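According to Swiss-Prot, the feature region 'Disordered' maps to 1-34. Residues or ranges marked as topological domain 'Cytoplasmic' by Swiss-Prot on the basis of sequence analysis: 1-39. Taken from Swiss-Prot, the feature transmembrane segment covers 40-60, and the record attributes it to sequence analysis. Residues annotated as topological domain 'Lumenal' in Swiss-Prot, with sequence analysis given as evidence: 61-317. The annotation N-linked glycosylation site is assigned in Swiss-Prot to N195, N213, N265. If you look up Swiss-Prot, you'll see 205-307 marked as domain 'Fe2OG dioxygenase'. Per Swiss-Prot, the feature Fe cation binding site maps to H228, D230, H286; the stated evidence is sequence analysis. Among the features that Swiss-Prot reports, active site is placed at R296. Among the features that Swiss-Prot reports, 2-oxoglutarate binding site is placed at R296.
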Amino acid sequence: MATRHRRRGGSAPSWAKPGKPGERPGGPKKSRGRTSWKSLLIWGVFGVTLGLMAGYYLWGELITDDSVTEVLAAQRDAVAQRFFHVPCSQDYESLKQFEACTPRKCGRAVTDSVITLQEAEKMRRLAEAGLSLGGSDGGASILDLHSGALSMGKKFVNMYRFFGDKLKDVMSDEDFNLYREVRLKIQHEIARTFNISVSSLHLTKPTFFSRMNSSEAKTAHDEYWHPHIDKVTYGSFDYTSLLYLSDYSQDFGGGRFVFIDEGANRTVEPRTGRLSFFTSGSENLHRVEKVSWGTRYAITISFTCNPEHAIGDPTWT
């Protein structure tokens with residue numbers, strides 16, 4: 001159900017009143033009447049035009065500022081599966097050579113029935129353990145088990161090089177096996193939903209855990225709230241998935257995922273074990289709200305149709 005909020009007010013523009021028209025020397029009185037009628041008509045058309053322009057501007061402001069919001073999946077709801085179709089953009093023209101993987105339809109999906117609560121809780125513990133070794137000075141920290149990238153202060157380190165064998169005190173082969181099993185489940189669900197070949201879909205980079213809180217941003221990497229298109233920001237993405245590892249309104253405030261559509265913003269409220277996935281093109285412009293309190297955990301798992309952009313599952317070697 002759409003929730004509509006009051007528009008931000010603003011004083012109407014103040015217009016100067018026209019002065020009293022002067023009389024033309026020797027002109028007949030009816031001429032002055034015709035001039036007055038035309039003047040009123042011109043000012044009327046001008047006023048209507050300005051009104052339409054102002055209305056258009058205010059409507060644009062309304063949408064941009066999240067004033068019209070539809071909740072696609074609330075945290076309190078257990079969602080078996082919901083799919084929301086959106087027209088495909090032109091961003092997939094280069095994928096025609098990968099026919100078995102090219103989107104036959106575009107959209108976004110939400111499900112709470114693919115990843116179990118137990119699996120999600122184990123994934124969160126893995127994220128917490130890895131991020132406990134570092135963490136950003138700002139509000140957003142990442143942990144990439146594939147490349148080893150770990151936020152530390154205002155920079156990133158390669159945790160495999162930085163910590164070496166000490167990492168095995170924090171992570172295990174069992175953790176990596178769980179990671180692979182979760183990834184496979186998500187890959188199969190994306191393929192089933194979009195009616196594409198699961199074998200034509202490849203894990204790609206970056207794929208990473210994220211931890212967000214209300215700390216002030218210290219670098220551009222901490223500014224996670226800007227609207228973006230995944231296929232533009234990360235060129236290899238064709239399908240994006242997010243697995244949420246904490247609960248909106250219980251573990252944190254703010255931090256909802258927002259699809260920015262013409263006419264409304266549509267949100268997904270994170271819930272532990274909730275899987276949200278979508279085609280990565282410009283039909284799915286989106287952003288994440290700033291976290292206002294608490295800590296938000298999630299993992300982004302991305303897929304490509306191009307085998308040249310594929311990466312393997314994380315391993316110790």
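Positions of Cβ are set from backbone N, Cα and C atoms, glycine also.
In this structure, N265 (N-linked glycosylation site) is part of a beta strand by DSSP.
Across the recorded positions listed here (N195, H228), the residue whose Cβ sits among the most other Cβ atoms within 10 Å is H228. Cα-Cα distances to N213 (N-linked glycosylation site) place R296 within 10 Å, out of the recorded positions H228, D230, H286, R296. Looking only at the recorded positions N195, N265, R296, the one with its C-alpha closest to H228 (Fe cation binding site) is N265. Considering only the recorded positions N195, N265, R296, the residue whose Cα is spatially closest to the Cα of H286 (Fe cation binding site) is N265. A C-beta separation below 8 Å, combined with a sequence spacing of at least six in one chain, links R296 (active site) to S210, R211, M212, N213, S246, Y248, D251, F252, G255, P270. Sequence-distant neighbours of D230 (Fe cation binding site) (same chain, 6+ apart, CB under 8 A from its CB) are F237, T240, S280, N284, S302. The secondary structure of N195 (N-linked glycosylation site), as reduced to three states from DSSP, is coil rather than helix or strand.
Those same-chain residues not listed among H228, D230, H286 yet with C-beta within 8 angstroms of the centroid of the Fe cation site C-beta atoms are P227, I229, V232, T233, T240, S280, N284, L285, R287. Averaged across the topological domain 'Lumenal' (61-317), pLDDT for the predicted model comes to 95.
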